[in-house]
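Q: One structure, as structure tokens, below. Some questions next.
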Amino acid sequence: MVFRKLPGVSASGMGLRLSQKFVFLLFLSGLVTLCFGALFFLPDSVRLKRIFLSKTESQPVTVGSENDVREHLKKGAKDPEHLRGITSAKGETSTKLKALSRKPSVINEAKTDKKNAGGETLEEVMPSRSKTESASKDEKVTSSSNQGANTDTSFDYNKFKKCLLKPPLGIEHGKPSDPQTLQRREKVKEMMKFAWDNYKSFAWGKNELRPLTRNGHIGNMFGGLRGASIVDSLDTLYIMGLMDEYNDAKEWVETSLDLNSNGEASLFEVNIRYVGGLLSAYYLTGDEMFKRKVMVLGEKLLPAFNTPTGIPRGVINLGSGTSWSWGWASAGSSILAEFGTLHLEFVHLSELSNNGIYTEKVMNIRKLLNKIEKPHGLYPNFLSPVSGNWVQHHVSIGGLGDSFYEYLIKSYLMSDKTDEEAKKMYYSALEAIEANLVQKSPGGLTYMAEWRGGILDHKMGHLACFSGGMVVIGADDGAPEKRQHYLDLAAEITHTCHESYTTKLGPEAFRFDGGAEATATRLSDRYYILRPEVIESYMYMWRLTHDPKYREWGWEAVEALEQHCRVEAGFSGIRDVYAQTVSHDNMQQSFFLSETLKYLYLLFSDDDLLPLEDWVFNTEAHPLPVVRKKREKTTELFL
């Protein structure tokens, strides 16, 4: 090829100029590359990377060793649906797992806490406070999970108050006009003060009280968090008007609740007790300290969702963020009652933080559950967080499954009846339960059997006795022609659970085969650990029917608690509800203060104390407000 020579330009000069241009372009290209590359090394590089990286890039899954939860397994643990504390002849509570029942017994002493010394970059979650108020060390969280998200936390508490239809504590704190009912309510209040005072005297700052030995119990369910009884009691003390006790609890939370624990926690238990307790304390009182605490804790739970499906694993290290499944759960499964009992609290975490990540996490769970096939319309208890498939076809309305169903109807109610998806899921599930699990005994008792791949096990757990209350609160919102049917079903289930209480208090599980009628036929099922589920149904049945028998049944429970569970330094569960001589298990569960006594107090109060139009109770009985964006009718200001 022949190049035409340009006029006035020598060949050598033209070559030199081309070389200079080439070097300049090379230099410019390198400079541009260097500038763009530097963006990825800036301190706030995550936000900039999102400009260039795919939004669908998934986070790695971190799974801890299941050996870390071996201590949960003892004799009998091979039967995984038994997720409850069982007391041994030696007086020690054994672990058949407690994490998977709604309110499990807490047992083994916790391992020594490890403080987070990782040196991560931390930042405040909440807006800066006044100069005279310094942020506590636990109100620091890693910044990575919130980068790129809207974390404006300017929740307007006054606006929230205006959206309530009635004063939370009623006109006169729900004081009943009937002298006998008032006397009974005062007795429940005295029981709460007695339980609290002994906890404060002998177990202050620990998770629970051992009333016989008069010392504290830490347990291994809360990942190094302390003060479970304090956080669980905040709202109970407040609504009962025990203000000195409430202020002591509030001060401990503000000064001593250390959220920088580095231990292995049950996602479920931390959520329902700590997150639920702090949320309700904030909504009832407006104290910003509770909001700051709960937002820090909520952020620490998010890494549990870092799985291929978004279904969270059951155990999380609150310090490192690593998570894994319970060692006894089939094939590394997550448990229906655990990952299905997050919705109420997580929606409120989004409300307070103005960060939709929490709602996104729980809605993703729903999305998966709606997509996969359900045998006979039922939801089995074990689901793989990796494949998103059921692992076993075991269905229970008691332990392992219970509060999943409860949170469906309560999600609908808490949404101000706008969450149509939750409503549809609940009534479809209830239809499948009635078709496959609801049974009638030869003696005429209605009960919820368990389902194992098509084979019925004719037993009902104490945990399943919450379902009477669940069915009645949803009676008005199903098909109009089925309203009376739901009221009747709720009454029948509650009656069956009352029948199981005929000897002292009710057992952990009771059967309807071999001639048994609501009776525990196995020694291992005869214990009672101060559980609230039967009393919970009494409270809801009273609120929605005002049949006086429910208050009478509640008073029977009060008398039985006083006679059989009250000891010199608190209240204790018992090992055998049928034994002539009472044997105590030496444990005052935190849920006794949060649930059992609160439900009894509400049972003997007027309906305007925490009215159901405005409040929904989480599965630990912590009241959370209906999410209502505007005021529906004119009321006087309160709070």
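The backbone N, Cα and C atoms fix where each Cβ goes, and this holds for glycine too.
Straight out of TrEMBL:
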- E269: active site, proton donor (ACT_SITE)
- E508: active site, proton donor (ACT_SITE)
- T619: Ca(2+) binding site (BINDING)
- C465-C497: disulfide bond (DISULFID)
- 72-153: region 'Disordered' (REGION)
- 22-42: transmembrane segment (TRANSMEM)
Q: Taking only the recorded positions C497, E508, T619, which one has a CA atom nearest to the CA atom of E269 (active site, proton donor)?
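A: Smallest Cα separation from E269 (active site, proton donor) among C497, E508, T619: T619.
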Q: Sequence gap of 6 or more, C-beta under 8 Å: which same-chain residues meet both conditions with respect to C497 (disulfide bond)?
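A: In sequence order, H462, C465, G468, G506, A518, E533, V534, S537 meet the Cβ cut-off.
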Q: At the Cα level, what's the spacing in Å between E508 (active site, proton donor) and T619 (Ca(2+) binding site), rounded?
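A: Here the two Cα atoms are 18 Å apart.
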